[in-house]
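Undergrad: As annotated by TrEMBL, compositional bias 'Acidic residues' applies to 236-245. According to TrEMBL, the feature compositional bias 'Basic and acidic residues' maps to 257-267. Among the features that TrEMBL reports, domain 'TFIID subunit TAF5 NTD2' is placed at 54-183. For 234-282, the entry in TrEMBL reads region 'Disordered'. Sequence annotations record features per position, and here TrEMBL assigns repeat 'WD' to 316-349, 389-430, 431-472, 473-506, 515-556, 557-589.
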Amino acid sequence: MAQSKTDLLAVLAVVKKYNLKGTEELLRKEAALTEENVAGEAEVNSVLAAYKSEGDPDIYETSYMELRKFVDDSLDIYKHELALILYPVLVHMYIELVYNSHEEQAKKLITKFGPEQEYYYQDELAKLAMVTKRDQMSGNDITDTFKSNAFTIRISRDTLSLLKRHLHEKKASVILNIVNEHMYFDLYEGVARNKAQCDATCGAMTGEAKRQDNKIKVYYGLLKEPDVQTLVAAPPEEDDDMDPDAPDKPKKKKPKKDPLFSKKAKSDPNAPPLDRIPLPKLKDADKMEKIKALREATKRVNLGPDSLPSICMYTLLNANYTVTCAELSEDSSLMAVGFTDSTIKVWSMTPVKLREMKSAEQLKEIDRDAEDVLIRMLDDRRAETCRTLCGHSGPVYRTSFAPDRTMVLSCSEDCTIRLWSLHTWTCVVVYKGHQFPVWDVRFSPHGHYFVSCSHDKTARLWSTDSHQPLRIFAGHLSDVDVCIFHPNSNYVATGSSDRTVRLWDVCVGNHHRLLTGHKAPIHSLGFSMCGRYLASGSADHRVLIWDLAHGHLIAALTGHTASVHSLCFSRDGTILATGGLDCALKLWDFTKLVDDISGENVNVSHNPDVRDGEPYLLRTFPTKQSPFLTLHFTRRNLLLGVGMFDLSI
């Protein structure tokens, strides 16, 4: 009796899971069960396991061949969407055979049908083929992912009814069970998608993004910055005094500034409220820095197809196999390079040397009320052009400068993140939270907050004044390889080896965009200057452009012949620069791309066509033998590239 009640509760849980309200109510009434009586997931699984097919294992191969024949014989209009189910069905068949100890049949199945699956699934199939016993399944990434996540397929209602009719007619119970239990069909009304449309958004570990995943409103606009505007008119003399720090001679261009500031004052209708997340207040030094940045912007070169940027390439020599990353500060005055020997080197990119704070004895003698007290605290006699930071116990994978350039963050294989002071040149804080190597760390554009991501499949939001993370962004199914803040600091984008890009809301910690389309791990991300578009570079040699307003993929920029490890938008947002391990730098006309898109009404279409990048490629610049580590546009739109000379290429 107890066993039959457990079975009944398990059936009830399954009915509830699939939202079959009428059936659920009838079953409750007949069995006299209350609302509280629902079996847990573990109980459901244990009950269902008892019903697993222990029948003829050879049925699996025959069933798969019949399914494949049905897909091949279907009309062209439905064929491409139907083909999307072949891979997940094969994986689940293999898992079921292994689970029921039919090792020979499982091996035969994957050897026969594995090679004909899409190229981007081959790595996973190779890992899956290593699982040949039931006890090897627990803890394996691929089997865990497929058992606990439904494989999502976007499909038209007509295509799905065709598939269901075929399965019922053929009485293909093995496949029918897999389809019902392990697949989620994101249904839409209308004509089935063609091959290009299917290929554009498939490729992730668990299929495509559901349209529901991208329905939430995203505040992609930029924050209004009124503080600087009120301060601008006050100290014109100081503006001019600061010019010796700048590379050019002093020039007074007050009339030119006015239109720039009035432009900044406009509030963006798509921007988040200013108080949506607490941002640090601007200090006087920050305000002066903003004024300096705006003054630099008045001297910015306007880029376009007829006015390409000048490019300055920094090559690190004798650094092959030892350099892991490079980063430039926002004002282009500092460069940090991480090494495999756990050290970080910081170089000054200007004639101004890197100064250190004076000793405690000398600091006592300084007049604290002096206006230039901060400058007096630094020791000119011990100034150097390069400084080394030691503290990590594993290769350093990324560095990130604070917006005010007083600190730099680094992350390492040793599972820690370190915050270094650029006044004392020492480590100030060690942040421990990730359990595995940390691949990336980035400061927020507004300072105070930073984000990290790791081999532990999570990204984490931190603030510099707390040793515990403020948010843990969990949802990726594999390593999170790259992370970056949105220009308004309200969102974080992450790219993963599960071949998805996610946009997380730092306010609530949930992902508001799930973007699928890459066919390999994602290694670089960049937001457009307006905040609406996101570019992602991947090991599939492509750069994809996403519209965050709707979560649509709008363009695929192809042309690189190796992994794209760095990308950067020009300061006026007109040009996208991408650098790859193929030793090539490519410049793309982003303005033209946005203009072409704005003519279309992508809101209506559930399957917008993805543009080919070829018409937007402006120029390719090859380096001799230097793969790109990073790209950076200066405030005046000079493009800086950093790479290491690689003898093996």
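Including glycine, each Cβ sits where the backbone N, Cα and C put it.
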Undergrad: So if I exclude everything within five residues of the ends of the repeat 'WD' (473-506), which remaining residues of that chain have a CB under 8 angstroms from its CBs? That is, six or more out.
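TA: For the repeat 'WD' (473-506), the list is 120, 141, 145, 149, 203-206, 209, 218-223, 271-272, 276-277, 279, 439-446, 449, 451-455, 457-461, 512-516, 518-527, 529, 531, 534, 536, 538, 546, 548.
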Undergrad: For the repeat 'WD' (389-430), find every same-chain residue at least 6 residues outside the stretch whose CB is under 8 Å from a CB in it, and list them.
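TA: The answer is 283, 285-286, 289, 324-325, 327-331, 333-334, 336-346, 354, 356-357, 377-378, 436-443, 445-447, 450, 452, 454, 462, 464, 467.
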Undergrad: With helix taken as DSSP H, G or I, strand as E or B and everything else coil, how many residues of the repeat 'WD' (431-472) land in each class?
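TA: So the counts come to 0 helix, 22 strand, 20 coil.
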Undergrad: Using a Cβ-Cβ cut-off of under 8 Å, list the residues of the same chain that are 6+ residues beyond the ends of the repeat 'WD' (431-472) and lie near it.
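TA: Counting only partners 6 or more residues beyond its ends, the repeat 'WD' (431-472) has Cβ contacts under 8 Å with 279-280, 394, 397-404, 407, 409-419, 478-485, 487-489, 492, 494, 496, 504, 506, 509.
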Undergrad: How many of the residues that make up the repeat 'WD' (557-589) does DSSP mark as helix, as strand and as coil?
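TA: For that range the per-state counts are 0 helix, 19 strand, 14 coil.
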